[in-house]
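Undergrad: According to Swiss-Prot, the protein has these features:
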- 1-21: transmembrane segment (TRANSMEM)
- 29-204: domain 'TLC' (DOMAIN)
- 38-58: transmembrane segment (TRANSMEM)
- 75-95: transmembrane segment (TRANSMEM)
- 99-119: transmembrane segment (TRANSMEM)
- 162-182: transmembrane segment (TRANSMEM)
- 191-211: transmembrane segment (TRANSMEM)
Amino acid sequence: MALALCLQVLCSLCGWLSLYISFCHLNKHRSYEWSCRLVTFTHGVLSIGLSAYIGFIDGPWPFTHPGSPNTPLQVHVLCLTLGYFIFDLGWCVYFQSEGALMLAHHTLSILGIIMALVLGESGTEVNAVLFGSELTNPLLQMRWFLRETGHYHSFTGDVVDFLFVALFTGVRIGVGACLLFCEMVSPTPKWFVKAGGVAMYAVSWCFMFSIWRFAWRKSIKKYHAWRSRRSEERQLKHNGHLKIH
């Protein structure tokens, strides 16, 4: 069983690495980070779809069955995701592209998935955490691509930022709090699984503070720009009346 899991994770790692190499060849005029973020975007979309299917259709429901035995589909998705996180953590460390908080998030994610696979249980809530964590990931990558291509300061960029902040606050913080509560009050999950849940939620709050600061600064900047435009419009209108008279 352990050998089969290791082979699945190894195949996943090789798959993500192969996809990254393919993107690098297809985008030779772009940076390595461009190709890595394409891999991240692909994983985000794929993991959202798979984890949503597991949580909402295949089951079990994470809010009522935390700590339940892993299903075969949960195991496959966790192995697929574990291979990705190992790839991305290695890339981030090699290129030194991320700070300590993101590295801590990736490390906790890897440890949490390994823990669920080794125990053979708690895949239900780990899958739910995967869904909540990855739900905003495609938006984050879209924001980066918009900035790189010079289209960030546009209506599309504003929509992406709004959806990112709203989903992160509502799902990762709001729904995440409900999931953590269900995890803590349930007698089924192991104590160290609960501790891992607390650690992941604490990391989410660290991200949330940074996101709120960004949203506040952007809102103030947008407000001042709007005030400036209004002032210019009133001045032009006033000057026009003076010329007529």
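Any Cβ shown, glycine's included, is placed from N, Cα and C.
Here the structure is a predicted model, which means the values were calculated and not measured.
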Undergrad: Do any residues, 6 or more residues outside the transmembrane segment (1-21), come within under 8 Å Cβ-to-Cβ of it, and if so which ones?
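TA: Those are 35-36, 39, 42-43, 75-76, 79-84, 86-88, 91, 117, in sequence order.
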Undergrad: Can you tell me which parts of the same chain pack against the transmembrane segment (162-182), counting only residues 6+ beyond its ends and a CB-CB cutoff under 8 A?
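TA: Long-range Cβ neighbours of the transmembrane segment (162-182): 62-64, 66, 125, 128-129, 132-133, 135-136, 139-140, 143, 197-198, 201, 204-205, 207-208, 211-212, 215.
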Undergrad: Within the domain 'TLC' (29-204), what mean pLDDT does the predicted structure show?
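TA: The average pLDDT of the model in the domain 'TLC' (29-204) works out to 93.
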